[in-house]
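Going by Swiss-Prot, these are the annotated features:
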ACT_SITE  Lys183  active site, proton acceptor
ACT_SITE  Glu190  active site, proton donor
BINDING   Gly10, Leu11, Ala12, Val13, Met14, Gly15, Asn33, Arg34, Thr35, Ile75, Lys76, Ala77, Asn103  NADP(+) binding site
BINDING   Asn103, Ser129, Gly130, Gly131, His186, Asn187, Tyr191, Lys260, Arg287, Arg448, His454  substrate binding site
Amino acid sequence: MAEADIAVIGLAVMGQNLILNMNDHGFTVCAFNRTVKLVDDFLANEAKGTKIIGAHSIEEMCKKLKRPRRVMMLIKAGTPVDMMIDAIVPHLEEGDIIIDGGNSEYTDSNRRSEQLAAKGIMFVGCGVSGGEEGARFGPSLMPGGNPKAWPHLKDIFQKIAAKSNGEPCCDWVGNAGSGHFVKMVHNGIEYGDMQLIAEAYHLLSKAVELNHDQMAEVLDDWNKGELESFLIEITANILKYRDEQGEPIVPKIRDSAGQKGTGKWTCFAALEYGLPVTLIGEAVFARCLSALKDERVRASKQLPRPQVSPDTVVQDKRVFIKQISKALYASKIVSYAQGFMLLAEASKQFNWNLNFGAIALMWRGGCIIRSRFLGDIEHAFQKNKQLSNLLLDDFFTKAITEAQDSWRVVVCAAVRLGIPVPAFSSALAFYDGYTSEVVPANLLQAQRDYFGAHTYELLAKPGTWVHTNWTGTGGRVTSNAYNA
């Protein structure tokens, strides 16, 4: 008998919590997992006493679904998703819906959307953010794919999503792989935010020489203002935490950061579309550098470092703490500006017609990068839907103008003390490049023409490309002989 509103495949913690969330909001969910024992265990424990039902096969699961059938997968990205889709499709009919709620690459979602459309099945790639707690009590959801599926999913998704000022942190993103693209950029920005906070922590520790309680107090104070965010909040909590010996735990953690690859995907997309998403790139590379722990230990003993006392660089600690907060805020503005540049380019490339204000709202609650700051981004795009860059919005122009001097002081101080701040400094370099009427790319073009005859465009004659015989002795090279 068809009784379930939706099926969820994958009973790891995220899948279980999303099912329980749906149940809390009055939806009947059919739970399925390849390992049938997990279904029985879930029904006997976490789901006991609820309306949640289970299935021991894909065929049974599909028979228990109301039409149009809605099947959501929360399984490992890549080949497992394709294999599961292949197993589900024979049991579906035209007009049924498959939702991929995993961390899939947007290119895979583009392909799956097209392939399933040819079979009459509607595909939705849905970014899900917020971790285990978000899945249970309200995630940020970013659905994209076949727009005809949205009316059949909207009620479920918007009810289970996090709320910000009463508005659900979920809306339709766009066609094909747009939902997973937006989630990918979200994850890239998350990498950037985490690296910026890590650099601020490093400066507070090494340049201002604060202890963990003092640093936690500073972050608690930051969390009352423009930097208010989930990541600042949890960082303060981390710094307050004490282990069994009553000591701060962070200094005891090996300083070698892992990554699952979604930050790299953002960088790959930025390179593919020719966009300078530099801060996220530096955040990824900072993790790569951190992984060279043994080499760094050897290098720290062999290679020279600045012999400068923090007291000679930071004369007023209270002032410098304020300057760090301003540098963090300015760098954060640049990071989000770069992220939305990438979203805008993908929207143009794929004709997705993304609503950037709505995306900012989706991120305001339930997800890892949720913050007060996103409300300002939402307002910027609501005010000017054609805004080409966040830096050009009046609010952010004013904010970065006020922060600029502090930003430069902090980066210079870090350089003098030998404290690595790749995210702060790359954000500042981007800002200086973006605000420069002339950059030395004219010399790059001359070099390319010299060794490769790639030609260059003249300022006085836009659209006119010329080649110079730089040596005057013949010996020209051709652009097809060397391409750079």
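Cβ from N, Cα, C; glycine included.
Looking at the residues that bind NADP(+) per the record, Gly10, Leu11, Ala12, Val13, Met14, Gly15, Asn33, Arg34, Thr35, Ile75, Lys76, Ala77, Asn103, the two CA atoms farthest apart are separated by 21 Å. Note: the Cα of His454 (substrate binding site) and the Cα of Thr35 (NADP(+) binding site) are spaced 59 Å from each other. Fewest other C-beta atoms within 10 Å: among the binding-site residues Asn33, Thr35, Asn103, that description fits Thr35. Taking the Cβ of His186 (substrate binding site) as reference, residues of its chain lying under 8 Å away and at least six apart in sequence are, in sequence order, Gly127, Ser129, Ser140, Met142, Trp363, Cys367, Ile368, Ile369. The secondary structure of Gly130 (substrate binding site), as reduced to three states from DSSP, is coil rather than helix or strand.
For Asn33 (NADP(+) binding site), the nearest neighbour among the listed recorded positions (Lys183, Glu190, Tyr191), judged by C-alpha distance, is Lys183. Counted within 10 Å of its Cβ, the other Cβ atoms near Lys76 (NADP(+) binding site) come to 14, all protein chains included.
Sorting the recorded positions Lys183, Arg287, His454 by the number of other Cβ atoms within 10 Å puts Lys183 first. The residue listed as 'active site, proton donor' falls within a helical segment according to DSSP.
Counting other Cβ atoms within 10 Å of each Cβ, the binding-site residues Ala12, Met14 show the lowest value at Ala12.
For Arg287 (substrate binding site), the nearest neighbour among the listed binding-site residues (Ala12, Met14, Thr35, Lys76), judged by C-alpha distance, is Lys76. Here the Cα atom of Asn103 (NADP(+) binding site) is found 8 Å from that of the residue listed as 'active site, proton acceptor'.
When the recorded positions Gly130, Lys183, Glu190, Tyr191 are ranked by how far their Cα is from the Cα of Thr35 (NADP(+) binding site), Gly130 comes first. In the three-state DSSP reading, Lys183 (active site, proton acceptor) counts as helix.
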